[in-house]
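Enquirer: A single structure is presented below for examination.
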Amino acid sequence: MEAENHTTVAELIILGLTEDPKLCIVFFVIFLGVYIITLVGNISIITLIRISSQLHTPMYLFLSHLAFVDIVFSTSVSVIMLMELLGHGLVLSVATCAAQLCMTVSFGSAECFLLAAMAYDRYVAICSPLLYSTLMSSRVCFLLLGISYVGGFVNGWTFTGCVLSLSFCGPTQINHFFCDFSPLLKVSCSDVSIIGIIPSISSGSIIVVTVFVIAVSYIYILITILKMRSTEGRHKAFSTCTSHLTAVTLFYGTITVIYVMPKSSYSTEQNKVISLFYTVVIPMLNPLIYSLRNRDVKDALRKAIVRVYS
């Protein structure tokens, strides 16, 4: 009934990270640099994997798709955030806001599935090395990739459908730096008792399923490693899993807070900081996490540099 006493609006004002003009300039320079590093790092990973025959394995196939997902995921947020910092806020239509949220959620969810697929790949490689070529055949790899993207887009469409079913009557100022679901609910004049729960169930299901796959995979990996008699074998097995575990911990830790925990457990400013970390910072860190301690990537990079300058 309350919605009937207001005029429905079709535009939303995204306030951004700060309203301080001086801080806007500082943040613009910082996050433009972060975005450029993200693009260069992830494009370099994709290119290196494509041109290096020794990296044509399932693990690096998944890593190249993770890099692609990180590029789109970061771009869907960074471009809008940079425009806000330049213009001290940004006006978007509800449809544009919903489309941006769809991209962010879709590729963020796809990252969850890819991280689970990479954990399964490590499980097969360490626990069943003789069956690796069979269990991780091209058909299986592309099936896992298909599930990752389809599952991601289904979750994205769930969020989008919920947003498009909302009415916005004003005030339409969103205290965030991109169109995220929780801030949109706060400015809606619709009944959000059901709509607010559906995306949490959808995202929560993806997190629970993928975390279960990752946890079970690493439990079996740990058991197998502890049974190894060779110290060198243990070290090699651990080193192949360290980077992935680091990426998993960083990513799942932040998205769990945003999409699963009750919204009353953190403030709007804390929401901004956590969202900034998983949408902007983690996509920049992933290429470093997966390459700095990876001997195969270092060797492939060295050979690529030699080919270029020889």
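Residue numbering: from 1, along the chain as shown.
Using N, Cα and C of the backbone, Cβ positions are placed for all residues, glycine too.
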Enquirer: According to Swiss-Prot, which stretch among 55-75, 76-96 corresponds to the feature transmembrane segment?
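Expert: Transmembrane segment, as annotated by Swiss-Prot, spans 55-75.
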Enquirer: Could you confirm whether, in Swiss-Prot, the topological domain containing THR268 has the same name as the one containing SER53, so that both are on the same side of the membrane?
Expert: no
Enquirer: For the transmembrane segment (55-75), what are the same-chain contacts with Cβ under 8 Å, counting residues 6+ beyond its ends?
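Expert: Same-chain contacts beyond the ends: 35, 38-39, 42-43, 45-46, 48-49, 103-104, 107-108, 110-111, 114-115, 117-118, 121-122, 125, 136, 141, 144-145, 148, 279-280, 282-284, 286-287, 290, 296-297, 300.
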Enquirer: Under 8 angstroms, Cβ to Cβ: which one of 26-46, 100-120, 134-154 has the largest number of such pairs with the transmembrane segment (272-292)?
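Expert: Comparing 26-46, 100-120, 134-154: 26-46 has the most Cβ pairs near the transmembrane segment (272-292).
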Enquirer: Could you list the residues of the same chain, at least six apart in sequence, whose Cβ is under 8 A from the Cβ of CYS97 (disulfide bond)?
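Expert: Listed in sequence order, they are LEU12, ILE14, VAL163, CYS179, LEU184.
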Enquirer: Check the topological domain 'Cytoplasmic' (218-237) for me and report the mean pLDDT.
Expert: 84
